[in-house]
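Quick look at what Swiss-Prot annotates:
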type     : residues          : note
ACT_SITE : 114               : active site, proton donor
BINDING  : 53, 55, 81        : Mn(2+) 1 binding site
BINDING  : 81, 113, 163, 237 : Mn(2+) 2 binding site
COMPBIAS : 269-280           : compositional bias 'Low complexity'
MOD_RES  : 272               : phosphoserine
MOD_RES  : 348               : leucine methyl ester
REGION   : 259-282           : region 'Disordered'
């Protein structure tokens, strides 16, 4: 293999410029060699910052790094769904692969349901690769990388991280380690469920309206957590307007928010109602007594450039303290949204 200038690649991709196809080939070969040595469940030590769906929103990914810290100073775990729907899936995925190549221990990437040949041919990544590179070659290289991504991660042996959720076929994390992950995402079975399932306020298991995976209730997650000695499950997969969600908590309440700006002093007579919705700059720490058995992290602000949601990253310290850092979309000058361009059908 020839030497890759990873710093040059990072600069090009961060500025929304494509790297040559020959660089993509070598980058994918190098990352494949790294991933093939990784387990189905990657062990990660805290502190770590956990990130949810990105969906090709490159400039919002750069905003995430701005507020979360640059790698390798900050250790990152991304929960999949790097591509599709956004305008810059190619640059987004290649940027993350370049970081993985340069900092393999500080950048962990696991598979989402959109890291799939079938799904990317429907929701945009395939078409984007063909449009930007003139053929489907880059898409094929990336799809091979999809097959080698881990299915989950375990932080300090206490926090199970997965893209979607649980499976009725899986009662222990050791069972996940035995799965053959180096394949296209199956239409059913344990591997499919891990990438597609969702928590829901039901008892036991339910059919998923997605047509893949399952819905699972608080009782299911509590049994799984107890059997595997887990504190909680961290997952992504679902748009959350507030950027994060605590599932199956005994407490339904607003949590204290801390901003980087000093709060203004208001006397009681002049105080006006306060909007308790999370806002960019807020840091929300969940009290131990109010933790749920499952949390959702969503990291694509203003999803599809029209949903109006904020996003979050989950910062875990050595005690598994949950601190959600809220952020919004990149400024208009840096957002990179093409102008005078119709929204493709797959956004609707």
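Placed from the backbone N, Cα and C atoms, the Cβ positions cover glycine too.
Distribution of Swiss-Prot features across the structure.
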residue : record                : DSSP (3 states)
53      : Mn(2+) 1 binding site : strand
81      : Mn(2+) 1 binding site : coil
113     : Mn(2+) 2 binding site : coil
163     : Mn(2+) 2 binding site : coil
237     : Mn(2+) 2 binding site : coil
Self-check item: Spatially closest candidate among 55, 81, 163, the listed binding-site residues, to residue 114 (active site, proton donor) (Cα to Cα)
Solution: 81
Quiz prompt | Residue pair residue 53 (Mn(2+) 1 binding site), residue 113 (Mn(2+) 2 binding site) - Cα distance, angstrom, rounded | solution = 10
Self-check item: Integer Cα-Cα distance in angstrom, residue 55 (Mn(2+) 1 binding site) to residue 113 (Mn(2+) 2 binding site)
Solution: 11
Self-check item: In the chain carrying residue 113 (Mn(2+) 2 binding site), residues 6 or more apart in sequence that have Cβ under 8 angstroms from it
Solution: 80, 81, 119, 163, 164, 185, 195, 196, 212, 237
